[in-house]
Structure formats: structure tokens, C-alpha cells
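Quick look at what TrEMBL lists:
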type	residues	note
TRANSMEM	77-98	transmembrane segment
TRANSMEM	110-143	transmembrane segment
TRANSMEM	155-188	transmembrane segment
TRANSMEM	200-219	transmembrane segment
TRANSMEM	251-269	transmembrane segment
TRANSMEM	281-307	transmembrane segment
TRANSMEM	327-348	transmembrane segment
Amino acid sequence: MTKNLLVKIGLFTFIFLLSLKVITDTDLGWHIRVGEYILKTLSVPKTDLFSFSQPDYPYVYHSWATELIIFASYKWLGLWGITLLYASIITLSVFYLYRTSVLINGKINYLLFLWVAPLAFAFAGGRTRAMGFLLLSILYLLFVKFQLKNSRAIWLAPLIFFLWANLHGSFILGFGVFAVLIATLRFFPKENQNRPKFKSLLIIFFFSLVSTLATPYFFGAWKQAVVMTLNSTLALRSTNLDWKSLVEPSGGGLIFATIVAVVIFMLFFSKSKVSKIQKFLLLLFFILSLLTARFALPLLIFFVPIANQFLEDLKSRLNKQVLNSTSIKGFVSVLYLVLSLSVLINLIETNFANRSFNEYSYYLEKFSSARLLYPPWPYEANLFIQENLPDMRILAEANWGGYMIWLNPGQKVFYWGAMDNFIVNGRSFVFEYLNIINTKPNWEEKLNQYKIDAVFLPKEFPLVAVLNLREDWQKVYDRQDVVIFTKRN
């Protein structure tokens, strides 16, 4: 075994360990239950499975194949199975970015790739869209191989999109990126002379489009992808953090955006070996990411090979005495130490949280950064519901619906995670939920319309303040930041 191979094994082992994290996605519960349904019935659902508010609503489970994999992982090893699944997806994604960087530059900055792992997890890890990140990483590698070596591996693109259309609805983003990649070969001078490349890509693009129809939903997968994109972009940006700007303070992408902006400035105002195509892709998707963070994943994919080349170019220009200086070595050592501590913390946290529902809920409440964005799931309160209010029609906090479904498979909820893409009376159903919990006009009529006889919410919600004053509602659970009301007969 060569030294180079040992270094690579060590690198990706480290990346895998950095990607072992507690999965805090609030949609995890219903993803598990969808996968369970598919495995038990050997069929893919076509309507809403989980709500009493919109029973039988026609819905495309665009991540159905991923949900099947998630359930299989959960059935095999519990939460650890899902943790290992997502760590593997992130590690594979970084591996393909590594391969792309080697093709473009021939040299690798190992420290950069270690830092890419936690960054990739922040944007894609622990959620079904990680599948889109993996497949886009592969697609970009195939494109670069085709561009630089005229590789025939690009003909695998239709297979990539077939898988993508069944694994996650972000395949529509993949087509947008693929179209931009193809356009770069047509409109940049160095590639203009090679028309056969461009024509081949157009043929591949067509076959890729056709391959996405091979899903249980046929054209329905495209319809759902378009609805999700338009609905989230035009209607949900104010309520869904995923669709806000990358530089939104609460989104955590500001530091990454700043780093990308600095690199772009350096690329355009100093000499570099980075190609015009790479510069164009980086600038384009940086601008798009400022509009919506959904473009952060392709931005990261285009940024990593450029950052690798930029750092290696910078290293070659620096004097060896500078590189070997105590200050530089000390700084690099600190970066490695931080990453090593991150691995240790990840293992401790994951080992604790993955033990049981109780420990998982405690982690969400006390340690998860997600608690700053939305109320953490109260497991004990959910147990109270399971034991004392099993048949009631409960209005719960939006993110808790998935956990309720997970804890009690027979539970029907008012709202669960995918319902922001349920278009009812011309608008997202999430606004129906928001109008009720914020006691907007007709909120009481809505409670009666949906025959809601219990409310399970954080204490700070406006509806809780109103129900506290109502004699026709009684408080049956009141602990810490959570309250449960039931309607008096």
C-alpha cells in the first residue's frame, strides 16, 4: 500500500468522522414513515398519508426512494443507521469534488477538503436534499471529464437524472445547472471551436429529460418540482429559511458567502490559472445564492475546485521559509486541532442523542443549533398525548407533526412538513396553519371547520394566550415551555 493511498484513506476517514452528526431534520419522522409504508405495501403513495385536515390530498412524494433507504437504515440500526447513511452521502459527495479538483488542478489541498465536510453537512447533510448534492457532484465531475478529456462517461448523465428524479425533487435544479454547464461550452471562445461537444451534450440533455419520466408519478414528478419551486420562491420566502438569501443572518451562510465574495474579488482582480468558465459559474451561482440559499449547493460544488486551485497557486508563490515558519505551522495545527475536537464532540453528541427518543429530544432542546430557529420537540408532552389523547384531532406546532407521526405511527396530525406545498384554494396550506396559531380573523371558525379538539403548542404562541382566557378550553398539560389544551364538551 503506497503512502499516497494511505493519505487518501486517512483523509476520507477523517471526512466521514466529521460527517457523523445528530440528524436534526424536523421532517425525519415522516420520511421514516413514508419509507415504512412503501416497504409494507410495496407501493408508492399518491395521496396524503398523515393529516386529518387534508385527507387524500393528491401529493407526489418526490423523495420516495430516499425515504425507502432512510427507513431501511432506521430499521437496521435505529438513529445510528440514519447518521451513518448521511455521513456516507456527504463523504461520497466530497470524494467526487476531490476527483473534480484533481482533474482541474492536479494538486490537492487536504486541509481545505477537511473543512468542506462540515460545510457540506451544514447545507445538505441530514436532509433528503443531500442526495441532490451527491448527484450534482457526480454530474459536475462527468462534465469536467468531458470538457477536458472528451470522456464518454458523460453519457451516464441520463442515469444520474433517472436516479435523481426518484431520490429528490431537486432534479429540476440539476437540469438548470446542467443547462448552464452546456451553455458555457457554446458561449466561451475556447470551447466555441469544438461544436461536436456541444451537440453531444444537447443529445444527452434530451435523454436526461426523458429519463426523469421513469418514476411512479410520470409527469407528476415534474409538476411537483415546478410547484415546489414556484411556491417556495414566490410565496414562502418569508416563512421558509431554506428559500431566503444565503446571507440571511439566521441562515448561517453569511461566513461562507463572505469567503466566496473574497475569492471572487481575488480571481477577477489578480492573475490566476482558474478558467473563465469556472469564474463564470462561481459568480453566477454566488449571485443566485444571494437571492435564495437553494443555490448554495451548486455554489459549493463550483467553489471547492476553485478554492483548491487558488490555495495551491498561492502556496506555490509563497517562499518556503514563510510556509515553514512557526506562525503558519501553528495556524495550520490549530485548524487541524479544531477539526479533531469537532470529531470528538460529534461522536459524544451522536452517541448520546441516538440512544432513545428521550435523549434525542433532550439534545434537540439543549444542544442543537436548530433550537434557535424553531421550538424543539417536547418528547414527554408527546408521550402524554399518546397515552391520554390518542384519538383527538390535535393542532400542533408545525415542526412537531413529523415527530408525532414518528412516535405514534397511527397518529393523524393537522400539519406535517410537506404541507407547505399543499396548494389549497390557490395558496399554500401553511398560511391556513399560520392564521390559526396567530389568531387571525376567522381563526375560531377554522378550529371548528377542522373539528380540532386539542391544541399542542409552545407557550409563546398567540393562540395559547387566547385559549388561556377561554372557558370552553381547558389546560391538561403545562410544563416548561409547552402547553396542551383540550376542548370542553
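Glycine too: its Cβ is placed from the backbone N, Cα and C atoms.
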Same-chain residues at least 6 beyond the ends of the transmembrane segment (77-98) whose Cβ lies under 8 Å from its Cβ atoms: 12, 15-16, 19-23, 28, 69-70, 108, 113, 116-117, 120-121, 124-126, 130-131, 133-134, 137-138, 140-141, 301, 304-305, 350, 353-354, 360
Contact check, the transmembrane segment (155-188) vs the transmembrane segment (251-269), 3+ Cβ pairs under 8 Å, seq sep 6+: no
Short question: most Cβ pairs under 8 Å with the transmembrane segment (110-143), which of 200-219, 251-269, 327-348? 327-348
